[in-house]
Amino acid sequence: MAQVAVSTLPVEDEESSESRMVVTFLMSALESMCKELAKSKAEVACIAVYETDVFVVGTERGRAFVNTRKDFQKDFVKYCVEEEEKAAEMHKMKSTAQANRMSVDAVEIETLRKTVEDYFCFCYGKALGKSTVVPVPYEKMLRDQSAVVVQGLPEGVAFKHPENYDLATLKWILENKAGISFIIKRPFLEPKKHLGGRVMVTDAERSMISPSGSCGPVKVKTEPSEDSGISLEMAAVTVKEESEDPDYYQYNIQAGPSETDDVDDKLPLSKSLQGSHHSSEGNEGTEMEVPAEDDDYPPPAKRPKSSEPPQPPVTEPANAGKRKVREFNFEKWNARITDLRKQVEELFERKYAQAIKAKGPVTIPYPLFQSHVEDLYVEGLPEGIPFRRPSTYGIPRLERILLAKERIRFVIKKHELLNSTREDLQLDKPASGVKEEWYARITKLRKMVDQLFCKKFAEALGSTEAKAVPYQKFEAHPNDLYVEGLPENIPFRSPSWYGIPRLEKIIQVGNRIKFVIKRPELLTHSTTEVTQPRTNTPVKEDWNVRITKLRKQVEEIFNLKFAQALGLTEAVKVPYPVFESNPEFLYVEGLPEGIPFRSPTWFGIPRLERIVRGSNKIKFVVKKPELVISYLPPGMASKINTKALQSPKRPRSPGSNSKVPEIEVTVEGPNNSNPQTSAVRTPTQTNGSNVPFKPRGREFSFEAWNAKITDLKQKVENLFNEKCGEALGLKQAVKVPFALFESFPEDFYVEGLPEGVPFRRPSTFGIPRLEKILRNKAKIKFIIKKPEMFETAIKESTSSSKSPPRKINSSPSVNTTASGVEDLNIIQVTIPDDDNERLSKVEKARQLREQVNDLFSRKFGEAIGMGFPVKVPYRKITINPGCVVVDGMPPGVSFKAPSYLEISSMRRILDSAEFIKFTVIRPFPGLVINNQLVDQNESEGPVIQESAEPTQLEVPATEEIKETDGNSQIKQEPDPTW
């Protein structure tokens, strides 16, 4: 095909126009042939020269390659011109020996220049992380010499285009080429604005490259503008700019043509041809990860925005749509950053091993390098990058470190530092990961600081034995109880508040620390006396005291109103589970709008206050007193006469529009004469306060619910027994010894349970979890590592079950009943004496959960600046990852609501209670920090009163459903993802 183009050169001037038409026609035919070859997966590149016109045809990749190599085109044009001149001269005169010798020298120097240029292209491509040659932007490098540095050139030889070197210099460079290398400090992105020589683009090429951009990214690069006089240099420069775009993607997982195609999508030709400097700068900021912007962990919402150029859309709808569709791929990003961190980690370990002359795997003591920067440091890191763990770097810094890996060197001036601490590091830092290493270190430092504080506190009291420091009292009375000698800008707090840097600073100045106690009597006051002075602080009143007082007040209101409904003069405790189980016969009217009837323990401060303000309107309606008689004290139950229950007009729904007739409740007086009659009227609901509660109550059937949950519990128990038998290699089911699984979780555990569902007795689960377990039964598997212990437990349980049963008295006083409970999700159950052991375990688990919940509440209150326990919004913390970070959790135990934690995990949490710390990284809506509400759009969010007490704090209402232990659930369990 090249011969066809060359054969068109020797033509006469009068035949120029006709020959041009012939050439155009033949080039179109050649283009068609290239398309057919492309269908057979053959790649073709063709350069044709006719007079001053240059034609580039071929397949897509062939054209792209030729257009990126300006030197190929120049060399071919130059070769054709020289050949034509040589042919003319050969016919006119004979070349002399000197001329022949000069010709040989010219060929030799041209060959050497070509060799040097190819080697420069290879080195430049290697610096970009590519295995192919990449054209060197000589003009840009000479204009901006700090962007790319060339090392290894012979002494006295400056870097420039090989055309400017003489024969001796070229030979010298080739002799020393092994030491030549390119170091890219800043990639080139801005396209050139100057046009070079004139190159004519014909209609054949226009038809070959569609302006619509539908032929793919490579075609867009060679698309001409409306001016047919676009130069050869401009076309080549445009392609070279695009080839340099992926400078920071050389470590990407994907490679090959798809990588360049993605980059080509980012730089449409219309911007480069128009010479738009600003648009190119916009692309530079959006398409590259600039090292200065080293966000270690870019959020997913940030990256997709950067993939869309900020300039107005160009006239290429196909490409524009393509760019908008591109979204952040977290999996690809995660795989990429993980791979880069692994490479940098291996690089650091290899360099560190070389520095200490060790063989085999080594562990770098990063804390030592940070605490002894003069004696232990690293040289050769890129400018602006400190030496840290690779897990703290982002992608740009990781790539820059890998580019400079040959220069990196560990400098160890004092080897004794490594030897003296190596044993401590191995003892205190588990090798299972960064998190365990950090946990061990901060735990040790906090314990040291706590011991230091206890010792100094005891010295201030005149004692020689260490005493526990009452940190809350120091915070409550900063003028009378304070600490001197702490490092600058470090307040006195519990050690659990401090991070590693502050803990180390406190230990360094431990000798200067002094506790000042001006009023020792404050340390002996009771809790109520201590909290009294705090009522004048901005918090105004302790939240825990306040909500407890309100709940007690609402409880008294409910008890009094319930007694009035029964015609009694004394307050009677309300059996809340019975009211929920029988909403048609037992309900409450007059509650504030939107507040259902529940135990006061379910309500937060805002709803409790609304109930207290509207207490005069509250009225209990009891249509079937016999339902509640068994829950009344014996003396009270005998005073209620239930004869009025036989009225035929009674069973009307409270929601009907007709009036509900009165029922008479006869109450015997003290002298058992003159009975009193109190009329209880149930008018139609008008304020809609119980609207959200009544429909749910009418739909709820306790009998159906009880039958369903009993059946599900039996199925799950049978499933567990079958899986337990399979684990022992038996065909029959084996009763599961749950106590053994709870006592030895390392040797006996269950795999395959649904996420968020712990292994417990089926009787402790609600309907949602039971159904999830049954749906997941194929994956459930029992792991029994000690069969002999298991068999012993089975035999003991079998022998105990065969013992003669004790005589059970039918009297209700013999059985242990769960009376006095208030929560809606607890029903009254009767537990035989034989199950006392199981009850004690359930009670123990419940106590552990309460202790862990109290611990989390106290720590969360400290984190938001309250200084008192605040209910932890577990669900909001779960659905807003990264907003609240919990430090100090034991290794292997993740932060969850206590109802989702195993007994062993809760015990470990309580053991590490002093080290657990909540940190609010990014507040979520509804969170109160230092009396400031983050977002008041929450329906039950915190309320700040402005009328009576402008500084009194409202804490979000605790309306969330809690799971309870034992056989004590009446309502459907909440979503276990909470």
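Glycine is no exception: its Cβ is also placed from the backbone N, Cα and C atoms.
What Swiss-Prot records for SER19, SER207, SER214, SER647, SER653, SER701, SER763, SER803 (among others) is phosphoserine. According to Swiss-Prot, the N6-acetyllysine annotation covers LYS130 (among others), on the basis of similarity to another entry. The feature SUMO2 cross-link is assigned by Swiss-Prot to LYS221, LYS322, LYS332, LYS414, LYS429, LYS467, LYS505, LYS659, LYS795, LYS807, LYS844, LYS859 (among others). Taken from Swiss-Prot, the feature motif 'Nuclear localization signal' covers 299-306. The feature phosphotyrosine is assigned by Swiss-Prot to TYR377 (among others), with similarity to another entry given as support. What Swiss-Prot lists as repeat 'GTF2I-like 3' is 436-530. Taken from Swiss-Prot, the feature phosphothreonine covers THR535, THR537. Annotated repeat 'GTF2I-like 5' per Swiss-Prot: 703-797, in sequence order. Annotation source Swiss-Prot lists repeat 'GTF2I-like 6' at 839-933.
Taking Cα separation as the measure, LYS414 (SUMO2 cross-link) is nearest to LYS505 of the recorded positions SER19, LYS505, SER763, LYS795, LYS859. Confidence for the repeat 'GTF2I-like 5' (703-797), expressed as mean pLDDT, is 87.
With all protein chains in the displayed structure included, the most crowded Cβ environment within 10 Å among the recorded sites LYS467, LYS795, LYS844 is that of LYS467. Secondary structure at LYS467 (SUMO2 cross-link), as computed by DSSP, is coil.
When the Cα of LYS332 (SUMO2 cross-link) is compared against those of the recorded sites LYS467, LYS844, LYS859, the shortest separation belongs to LYS859. Ranking the recorded positions SER19, LYS795, LYS844, LYS859 by Cα distance from LYS467 (SUMO2 cross-link) puts LYS859 first. In this structure the C-alpha atoms belonging to LYS130 (N6-acetyllysine) and LYS795 (SUMO2 cross-link) are separated by 70 Å. For LYS859 (SUMO2 cross-link), the spatially nearest entry among the recorded positions SER19, TYR377, SER763, LYS795 is SER763, judged by CA separation. Across the fold, the C-alpha of SER19 (phosphoserine) and the C-alpha of SER763 (phosphoserine) stand 96 Å from each other. Here the recorded positions are LYS130, LYS332, LYS414, LYS505, LYS859, and the one ringed by the most other CB atoms within 10 angstroms is LYS859. Ranking the recorded positions TYR377, LYS795, LYS844 by the distance of their Cα atoms from the Cα of SER763 (phosphoserine) places LYS844 first.
The Cα atom of LYS505 (SUMO2 cross-link) lies nearest to that of TYR377, taking the recorded positions TYR377, LYS795, LYS844 as the candidates.
Here TYR377 (phosphotyrosine) comes close to PHE369, PHE387, VAL411: these same-chain residues lie at least six apart in sequence, with C-beta atoms under 8 angstroms from its C-beta. The secondary structure of LYS414 (SUMO2 cross-link), as reduced to three states from DSSP, is coil rather than helix or strand. Classification of LYS795 (SUMO2 cross-link) by DSSP places it within a helix. Local packing around the Cβ, expressed as the count of other Cβ atoms within 10 angstroms, is greatest for SER763 among the modified residues SER19, SER763. Secondary structure at SER19 (phosphoserine), as computed by DSSP, is helix.
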